[in-house]
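Engineer: Supplied in structure tokens, the structure appears directly below.
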Amino acid sequence: MAQQIIRIMRPDDANVVGNVHGGTILKMIEEAGAIISTRHCNSQAGEPCVAALARVERTDFLSPVCIGEVANVSAEITYTSRHSVEVQVNVMSENILTGAKKVTNKATLWYVPLSLKNVNKVLEVPPIQYARKEQEDEGKKRYEEQKLDRLETKQRNGDMIFPVINPDRQTKEPHTVGYSQSSLIHLVGPSDCTLLGFVHGGVTMKLMDEVAGIVAARHCKTNIVTASVDAINFHEKIKKGSVITISGRMTFTSNKSMEIEVFVDADPFVDEPRERYRAVSAFFTYVSLSKEGKPLPVPQLLTETEDEKRRFEEGKGRYLQTKAKRQAQMQQAAQQ
């Protein structure tokens with residue numbers, strides 16, 4: 001069973017030079033994942049449910065999508081545990097004038113089925129049939145790895161970014177964390193939400209990408225594009241009527257890329273007043289491009305406080321780890 005979403009990219013999907021926003025692609029990926037996982041979870045008799053996004057694994061933007069091209073998003077369920085569904089999604093772009101096609105994204109998403117009668121009740125997932133026992137074993141390994149990583153992320157999730165709506169950037173040094181730090185405030189309306197009245201994961205990811213893009217553009221003062229997104233963890237649901245604050249700050253720069261940490265905090269004060277809580281967190285990586293689409297060097301991030309220096313070193317560790325993993329994959333591919 002597979003799910004496809006196909007649509008042509010319009011000017012309002014893209015930046016000023018015609019590259020489609022990474023958040024637009026992430027939203028399409030999540031829509032395909034939500035459809036196929038909700039269908040599967042309702043494929044057997046039982047309580048009706050909606051699949052809610054719990055996590056998106058690291059995804060790389062392999063090639064930009066441009067205005068006028070057709071994006072073909074295909075999703076397939078690759079593993080099920082008792083209470084979760086793993087969906088793998090591929091995105092291919094097509095130039096309908098020349099017929100040229102290219103793979104632009106590959107992503108892995110995890111969903112959990114929530115009852116339509118009780119949104120706090122997680123239902124059981126119907127099992128899928130595997131062609132080989134190895135597929136089930138590999139899926140179980142991925143499940144355990146993402147479960148462990150979610151726990152580690154929750155432990156460091158007490159960090160705060162204070163909203164910066166109208167900062168006096170004239171008083172801040174260019175290329176510092178404070179100079180580019182940005183926030184966006186959004187009131188969650190019905191069009192943002194699922195049947196259960198909670199925000200679509202794709203809507204949240206699109207807003208996160210917008211804020212990360214603003215941070216990157218302020219730092220570089222050039223055209224910027226999303227290069228990759230580390231695992232996005234959805235810690236708590238966001239209810240209709242909540243006010244969400246999406247905040248981003250630069251954490252690390254290499255010669256050709258920059259890492260931006262993005263948090264989403266929710267204030268659900270309409271129906272059930274409670275303290276602000278951390279709903280989503282992730283790291284976005286951007287690259288700087290010339291008007292011709294060629295990579296440009298990224299200005300070095302100037303760290304001022306001990307916390308900024310610590311976050312820079314942590315970002316450097318993630319960067320080197322990803323670089324080593326990519327090199328190992330390339331060597332393995334060359335040997336095959």
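We number each residue from 1, going along the chain as drawn.
Quick reminder: no glycine exception, Cβ is built from N, Cα and C everywhere.
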Engineer: Please identify the range among 145-176, 305-336 that TrEMBL labels region 'Disordered'.
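Structural biologist: Spelled out, TrEMBL records region 'Disordered' over residues 305-336, not the other listed ranges.
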Engineer: Any same-chain residues 6+ apart from Asn15 (active site) with CB under 8 Å of its CB? Would you list them in sequence order, or say none?
Structural biologist: His21, Gly213, Asn223, Val225
Engineer: Counting only residues 6 or more past its boundaries, what in the same chain has a CB within less than 8 Å of a CB in the compositional bias 'Basic and acidic residues' (307-317)?
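Structural biologist: Residues 177, 251-252, 259, 261, 283, 301.
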Engineer: What are the helix, strand and coil residue counts for the region 'Disordered' (305-336) according to DSSP?
Structural biologist: 30 helix, 0 strand, 2 coil
Engineer: Within 10 Å of the Cβ of Asp209 (active site), how many other Cβ atoms can you find? Include all protein chains, please.
Structural biologist: 26
Engineer: Per DSSP, what is the residue tally for the domain 'HotDog ACOT-type' (1-117) in helix, strand and coil?
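Structural biologist: Split by secondary structure, the domain 'HotDog ACOT-type' (1-117) comes out as 23 helix, 58 strand, 36 coil.
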Engineer: How do the residues of the domain 'HotDog ACOT-type' (178-292) split into helix, strand and coil according to DSSP?
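Structural biologist: Counts, helix then strand then coil: 26 helix, 54 strand, 35 coil.
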